[in-house]
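A.B. asks: Sharing the record's features from TrEMBL:
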TRANSMEM  52-72  transmembrane segment
TRANSMEM  84-103  transmembrane segment
TRANSMEM  115-136  transmembrane segment
TRANSMEM  173-197  transmembrane segment
TRANSMEM  204-229  transmembrane segment
TRANSMEM  283-309  transmembrane segment
TRANSMEM  329-351  transmembrane segment
TRANSMEM  403-425  transmembrane segment
REGION    454-476  region 'Disordered'
COMPBIAS  455-468  compositional bias 'Basic and acidic residues'
TRANSMEM  508-529  transmembrane segment
TRANSMEM  535-558  transmembrane segment
TRANSMEM  570-594  transmembrane segment
DOMAIN    573-623  domain 'Cationic amino acid transporter C-terminal'
TRANSMEM  600-618  transmembrane segment
Amino acid sequence: MGFLHDSQKGGSGGGGLFSRGFKSLIRRKQVDSIHAKSSAGGHHQLAKELSVTHLIAIGVGSTIGAGVYILVGTVAREHSGPALAISFLIAGIAAALSAFCYAELASRCPSAGSAYHYSYICVGEGVAWLIGWALILEYTIGGSAVARGISPNLALLFGGADSLPAFLARQSIPWLGIVVDPCAAILVFIVTGLLCVGIKESTVAQAIITTANVCAMIFVIIAGGYLGFKTGWPGYELPVGYFPYGVDGMLAGSATVFFAYIGFDSVASTAEEVKNPQRDLPLGIGASLSICCMLYMLVSIVIVGLVPYYAMDPDTPISSAFASHGMQWAAYIITLGAFTALCSTLMGSLLPQPRILMAMARDGLLPSFFSDVNERTQVPVKSTIVTGIIAATLAFSMDVEQLAGMVSVGTLLAFTMVAISVLILRYVPPDVVPLPSSLQESIDIVSLRYSSSGRDIDRENPKDHGGTSKDSTQPLLGKGATLVGCPLIVKQAAQGGYILNEDKRRKVAGWTIMLTCVGVLLLTSAASYVGLPSFLRYTLCGIGGTLLLSGLVVLNCIDQDDARHSFGHTGGFICPFIPLLPIACILINVYLLINLGSSTWTRVSIWLLVGVLVYAFYGRNHSSLTDAVYVPAAHVDEIYHSSESSLA
C-alpha cells in the first residue's frame with residue numbers, strides 16, 4: 001500500500017479543519033488526458049470543428065472593436081501625437097508577451113477553461129476559482145457594454161439618432177430612472193441563438209462580419225493613403241516634431257491602447273473544439289494578434305497624417321479626417337465598419353462565457369447544469385442560454401458603460417496568472433496528480449506490484465487525511481518529502497546526493513517565483529502611488545526592484561525541471577526567453593491592474609467577495625478533487641492501463 005507524508009497525518013480538531021480548508025485552496029487538478037476524457041463517458045465532449053482560419057476569425061473579431069474608431073483620436077490628442085503608431089506597436093509587443101504564454105499553455109493543456117484551467121493545474125483551486133469568477137464578470141459586462149453601443153451606430157446607418165423604429169429605439173422610463181435599449185437586448189438574443197446552433201456555424205458568421213470590418217479598415221488605409229500622398233501628409237508637417245508630449249506621452253498612449261488588444265484570449269477558450277490544438281492554437285493566437293497590430297498601426301499612420309493631432313475630433317476622428325478632405329460619404333463606410341466591429345466583438349464576448357461555466361461545472365465548482373452539452377449541436381446550450389439572458393437583461397436595462405473598466409480586471413488577472421503558470425510549469429511542475437477514487441483498486445494493484453519488489457508508490461487520499469499530498473498542495477514551495485517508491489528516484493538515491501540537490505532546486509525555484517511576484521507588486525504599487533512620502537516610495541521601489549532583478553538572475557542560473565518535457569500534451573508551442581518573457585508579462589499586467597482606479601477596484605472587490613462566499617459554501621465542498629487520490633505522475637499511465645485491463 002502507500003506511505004503517507006508525515007505532514008499529512010493527523011489533522012483533527014480546529015487546526016485540522018483550518019488545514020483542510022487551506023489545502024482545498026491549493027489542491028491542483030490533472031491535465032485533461034485521453035484517459036480522463038474516456039473515463040468521463042464522452043457526454044461532455046464538444047465538437048472538434050475548428051481550424052486555423054476559424055481561430056483567426058474568432059481572434060480578430062473579438063479583438064478589433066469599435067473603440068479603435070474613436071481611440072485613435074483621443075490618444076493622439078492627449079498622449080502620443082504623430083507617434084500614435086509607435087504606441088500601438090509597443091502595446092502590441094506587450095500583448096504578445098501574454099500571447100506567447102497563452103500559446104504554450106493552450107497547446108499543452110487544451111481545455112475550454114482557458115486561464116481558469118491553466119491556473120487550476122499549475123497554481124491551485126482557490127486562485128483558479130477567482131480567475132474563473134473574474135472571467136465570468138469580464139465576459140458578462142463586456143458583452144452587455146458592447147451590445148449597448150450597437151444601437152447608436154445602427155441609428156447612424158439609417159440617417160441619425162432618431163431614425164430607428166420605435167420598438168428598437170432607446171426609451172427613457174422616468175419613474176425607474178433608466179434608459180432601456182431594446183435593440184441591444186434583441187441583438188444579444190440573436191447572437192445567443194446563433195451560438196446555440198453550433199460552433200462551426202457561429203464561427204463562420206463571425207468570420208463574415210469580421211471580414212466586413214477588416215474591409216472597412218482597409219478602405220481607411222487605402223483611401224486615406226491616397227489622400228495623404230495627394231495633400232502631402234499635413235499631419236506630419238509640425239514644428240513640435242514627432243513626439244510633442246515626449247517619450248513619456250508616447251508610453252502613456254501605449255498603456256491606453258493596450259486594451260485594444262484584449263480579445264485574442266478568446267481563442268484559447270475554444271481549445272477543445274480545435275481539430276489540431278497543438279499546432280492550430282498557437283498559430284491562431286499569434287496570427288490574430290499580428291493582424292490586429294498591423295491594422296491598428298496602418299490606420300494610425302494614415303489618420304494622424306491627414307489631420308494634425310491637435311485638430312482631431314475626439315468622438316469621430318476617422319470620419320472627420322475624411323470629411324476635412326471633402327469625402328463626407330466615407331462616414332457611412334466607417335460607421336458600417338464600427339457596426340460590424342461591435343457585432344463581431346459581441347459574438348467574441350458571448351462565446352467564451354459558456355465554456356468557462358462548463359469547465360468550472362465539470363470540476364464541481366458550479367452546479368452540473370452548466371456542464372451539459374447538447375448531443376446534436378455539441379455545444380453547452382444551457383450555459384449559452386443563461387449567459388445570453390443575463391447579458392441581454394443588463395444590456396436592456398442598465399447603462400453598463402460606467403462598469404466597463406471592470407472588464408479589464410478579469411483580463412489582466414488572467415494574463416498575469418497565465419504568465420505565473422508558465423514559470424511554475426517550467427521550474428516546479430506538479431509531480432503528483434489526482435486520480436478519481438474509482439481507480440482505487442487499480443492504484444492498490446500497481447502499488448502492491450512495486451511493494452512486492454521492495455518499492456512503493458507514495459499516494460494519499462485527501463478526504464481521509466485532511467487534504468492533498470504536500471507535493472500537490474504546495475506548487476511554489478516545492479517538495480516537503482521524498483517520493484518514496486518512485487523507481488527512478490530510488491536508483492538515484494542509492495548513488496547518493498541527487499534527491500537533496502533536486503529538492504533544493506525546486507525549493508529555490510518556488511521561493512524565487514513567489515518573491516519575484518512580491519517584488520513586482522511592491523515596485524508597481526510604489527511607482528503608481530505618487531501620494532506616498534518620497535522616502536517610503538523610493539524604499540519600496542528599491543526593495544521591489546531588488547527582488548525582481550534577483551529573481552530574474554536566480555531563475556536564469558538554475559536549471560528548469562526535466563519534467564516539463566512530458567507535462568501535458570507534448571509537441572506544441574514552446575514559449576521562448578524563459579524566465580525573462582513571463583516576468584516582463586507579469587510586470588506589465590500588474591502595473592496596468594494597479595492603475596485601473598480605486599472605483600473600479602471597489603466594484604470588482606464586491607464581485608470577488610461574492611465569489612469567495614460561493615466557493616466557501618458550494619465550490620469547496622462539491623469539488624471533483626474532494627475524493628481524489630494523489631499518485632506520482634510517472635505512474636498515471638500504468639494505473640490507467642491496469643484499470644483498462646481489469647475491465648477487459
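All residue numbers here begin at 1 and follow the chain in the order shown.
Here the Cβ of each residue, glycine as well, is placed from N, Cα and C on the backbone.
Not measured: the values here are computed from a predicted model.
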A.B. asks: I need to check the long-range neighbours of the transmembrane segment (570-594): which residues 6 or more away from its ends have a CB within less than 8 Å of a CB in the stretch?
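C.D. replies: Tertiary neighbours of the transmembrane segment (570-594) are 94, 97-98, 100-101, 103-104, 106-108, 255, 258, 277-279, 281-282, 408-409, 412-413, 415-416, 419-420, 422-423, 426-427, 516-517, 520-521, 523-525, 527-528, 548, 551-552, 555-556, 560.
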A.B. asks: Where among 52-72, 115-136, 283-309, 403-425, 600-618 do we find the most Cβ pairs under 8 Å to the transmembrane segment (329-351)?
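C.D. replies: Result: 52-72.
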A.B. asks: How do the residues of the domain 'Cationic amino acid transporter C-terminal' (573-623) split into helix, strand and coil according to DSSP?
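C.D. replies: Result for the domain 'Cationic amino acid transporter C-terminal' (573-623), in helix, strand, coil order: 40 helix, 0 strand, 11 coil.
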A.B. asks: Same chain, outside the transmembrane segment (173-197) by at least 6, Cβ under 8 Å from its Cβ: which residues?
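C.D. replies: Non-local partners: 143-144, 147-148, 150-151, 154, 164, 167, 205, 343, 346-347, 350-351, 354, 374, 377, 379, 381, 384-385, 387-389, 391-393, 395-399.
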A.B. asks: Same chain, outside the transmembrane segment (283-309) by at least 6, Cβ under 8 Å from its Cβ: which residues?
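C.D. replies: Non-local partners: 52, 54-56, 58-60, 63-64, 68, 72-73, 76-77, 80-82, 84-85, 87-89, 92, 95-96, 99, 102-103, 106, 214, 217, 220-221, 224-225, 227-228, 231, 233-236, 238, 244, 257, 260-261, 264, 267-268, 274, 317-318, 320-322, 324-325.
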A.B. asks: Under 8 Å, at least 3 Cβ pairs, sequence separation 6 or more: does that hold for the transmembrane segment (600-618) versus the transmembrane segment (115-136)?
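C.D. replies: Result for the transmembrane segment (600-618) with the transmembrane segment (115-136) is yes.
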A.B. asks: Sequence-remote contacts (6 or more beyond its ends) of the transmembrane segment (115-136), Cβ cut-off under 8 Å?
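C.D. replies: Residues 24-32, 102, 105, 109, 265, 268, 352-353, 356-357, 359-360, 363, 365, 409-410, 413-415, 417-418, 420-421, 424-425, 429-430, 473, 475, 568, 604, 607-608, 611-612, 614-615, 619-620, 623, 625 contact the transmembrane segment (115-136) from elsewhere in the chain.
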A.B. asks: Who are the chain neighbours of the transmembrane segment (204-229) in space, where the CB to CB distance is under 8 Å and they lie at least 6 residues beyond its ends?
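C.D. replies: For the transmembrane segment (204-229), the far contacts come to 53-54, 57-58, 60-61, 64, 194, 291, 295, 298-299, 302-303, 305-306, 318, 321-322, 325, 327, 330, 333-334, 336-338, 340-341, 343-344, 347-348.
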A.B. asks: Restricting to the domain 'Cationic amino acid transporter C-terminal' (573-623), report the mean pLDDT as a whole number.
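C.D. replies: The answer is 92, the mean pLDDT of the model over that range.
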